[in-house]
Amino acid sequence: MSTSLPALLAAMPKAELHIHIEGSLEPELIFQLAQRNGVAIPYASVEELRKAYAFTNLQSFLDIYYAGASVLLKEQDFYDMAWAYLRKAAADNVIRTEIFFDPQTHTARGVSMETVVNGLHRACVDAKTMGVDAELILCFLRHLSEEDAFLTLEQALPLRDKFIGVGLDSSELGHPPEKFARVFAKCRALGLHLVAHAGEEGPPAYVWAALDVLKVERIDHGVQSVKDPALMQRLAQDRIPLTVCPLSNLKLCVFPKLADHNIRQLLDAGLVATVNSDDPAYFGGYMNDNFLQTFAATGLAKEHAYRLAANSFEGSFAEAGAKRRYLERLDQAFAAQG
Ligand SMILES: Nc1ncnc2[nH]cnc12
Ligand SMILES: [Zn+2]
C-alpha cells in the first residue's frame, strides 16, 4: 500500500543531531518552573511570552532564550525539561537524539554542573523505555572567553561518562572558531566527539576554521557554505554532516521564506545534510514539523526523505552496530509504505 508523503515523513525513523535542550523549554513549562522555584519572569502570561518570540536575527533570539533558561534551578527541573522533549521526540519517531546543553548558562547563575548533567542524563537513560537512544553534547558559549570554556570543561570532566562530545554555540558573528582552538584540541585528546555551529549567519571562513582548526566531525547549520564552491566540495568529499534546521533558519531570518531554503541545493551537491529542530519551543516546530513544512514549501520528494533520514543515522555518533540497526528500520519503514 502506498502512503502519502506527509505520513511517510512522520512515520519514518530518524535521528535528531541538533537540538538545544534549553530551546525545548515551552512557555507553559517556563511558567510552571518559575512558580515552583519562585523565580520572577518579566511576562504576565504564557501568551505574552509567546508574543515576544518575534526574532530578526540570532542575537534577538538568544537574548530571550537565555532569559527563559533562568527558571531552571534544580536537578528535577533539568529532568522535566529533557523528559518533555524526549516524549515529543518519541512521538515523532526519533529513535536517536544527540542533545546539546549549555552549562555556562546555568553555572553562571550558581547552578552546579552536577545538577545540570545529572538531571539531563537521568532523562536520557529513562528515554530507553520509549525506544529513544539519547546522548548529551556539552556546548561552550562562544561569546564567553576561552578561559571560561576551559573552566567549564574542568567542571564537567568528573561527569565525563555522561556526555559524548562537545560543541560550540551562541553568538556566531565576531566569535570565530579559532578563539576555541586550544579547548577543542584538549577535548579531542580526551576522545570527545567534536561539533560546532558554523555558517549559520557567519561566513564560509568560519566553516573552514571549524573543520581545519577545531577539527570538528559535523557542522551545525552550515547553510552559508553554498557561497564557497571549494568548501562545498570539501564537505561532500569528506562526508561532513551538516545539521540543518529549516524552521530555525526561517524564524531567525536566514532565509526570507521556507521555499527559499537551500536544503535541496545541499542534497543535490552530495552533502550529508540532515533536518533538525534546533530550538523547537521558540521556532514553532519539533522534528516532524520541520520535515513536513520544509517538504511542503520546497517540493522535496520521497527519495529526499529517505536520504535525509539515512544521513541522520550516518552522521550520528552511534556505534556501527546501532547505525546498521537504525538503517534497517528505515528500510523496513520504506518497504512497508510502498
Ligand atoms: N541557532 C543557534 N545558534 C547558535 N547558538 C544557539 N543556541 C541555541 N540555539 C542556537
Ligand atoms: Zn543550534
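Glycine is no exception: its Cβ is also placed from the backbone N, Cα and C atoms.
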Record-annotated Zn(2+) site (TrEMBL): member among Asp92, Asp268, Asp278 besides His18, His20, His197: Asp278
Separation of alpha carbons, His221 (site 'Important for catalytic activity') and His18 (Zn(2+) binding site) (Å): 9
Cβ-based isolation winner (fewest other Cβ atoms within 10 Å) among the binding-site residues Asp278, Asp279: Asp279
Those residues of the chain, 6+ apart, with a Cβ under 8 Å from that of His221 (site 'Important for catalytic activity'): His18, His197, Ala198, Gly199, Glu200, Leu242, Thr243, Val244, Cys245, Asn249
C-beta crowding around His197 (Zn(2+) binding site), within 10 angstroms: 31
